[in-house]
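The structure under discussion appears below in the form of structure tokens.
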Amino acid sequence: MRKYVIMGVQGSGKGTQSELMRRDLDLTHIGVGDILRWHVQQHTKIGALVRRTMAAGELVGDDLVESIVRERLQQHDWNYGFLIDGFPRNVRQAEFFLESYDIDGVIHLDLPDEDVQKRVLSRRLCASCGMDYNLISDRPEVDGNCDVCGGDLVPRDDDTPEALAARLRDYYEKTEPVLELFRRKECVLTVDARPEPGAVQDAIRSGLDLPPYRR
Ligand code: AMP
């Protein structure tokens, strides 16, 4: 069983790379931001608690996020392993995580700031099924509509220049120290996130000694 954490600044391609790994490696992808967005869309109690914080690009409280991760991992639908994305985001979350789970590797997608803004502001999400698009690199076949379900493509609430600035600040202040902690304890593989997705996936697989990515 393999257990990985995938980290990187907003727009570095964590969701895309997780999907390419999940497909043939039988890994369960656990996207903490996706779970929180689901709660917001479904108007659950948790959704009401986190909606404003998320739209402002700020981090949701540790207790809540930790309980979501604990419950998600207790579902045990990850017999062949998991790939967790969006967690841990600060040192407290990392310590909580390492108390309960040993991990095989941390994938760190490295993207310079000048590319972050360009990528994030062109990101779109299907309002119905949650599929990700990018108006520069991954356009839908029909402008404004999802290729899978035809739903409307909308920007994420937190993909505004203001929220992006808040998220980048948090990333450098709170998430970078997590990488330092992991570097001391675990294997951290840093990969250049600028090339096209397949090339990034090739670099991840060769760095982690995984079977090659088949296009
Ligand atoms: P993401 O999809 O990973 O960019 O996450 C979207 C938003 O969800 C973040 O800007 C935070 O508001 C919230 N979030 C996701 N993961 C965490 C976490 N580990 N800790 C706190 N807030 C989180």
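Start at 1 and count along the chain as shown; that gives each residue its number.
Every residue, even glycine, has its Cβ placed from backbone N, Cα and C.
TrEMBL: automatically predicted annotations, no manual curation.
Binding of AMP is attributed by TrEMBL to GLU58, LEU59, VAL60, GLY86, PHE87, PRO88, ARG89, GLN93, ARG156, ARG167, and within the candidate set ARG37, ARG119, ARG184, ARG194 the record adds ARG37 to that site. TrEMBL lists GLY11, SER12, GLY13, LYS14, GLY15, THR16, PRO195 as binding ATP, and of ARG92, ARG123 the one it places in that same site is ARG123.
Across the residues of the region 'LID' (122-159), the predicted structure has a mean pLDDT of 92. Filtering GLY15, THR16, LEU59, ARG123, ARG167 by Cβ distance to ligand 1 (under 6 A) retains the following binding-site residues: LEU59, ARG167.
Sequence-distant contacts of the region 'LID' (122-159) (same chain, six or more residues past either end, CB-CB distance under 8 Å): 11, 15-16, 34, 37-38, 54-57, 167, 196-197.
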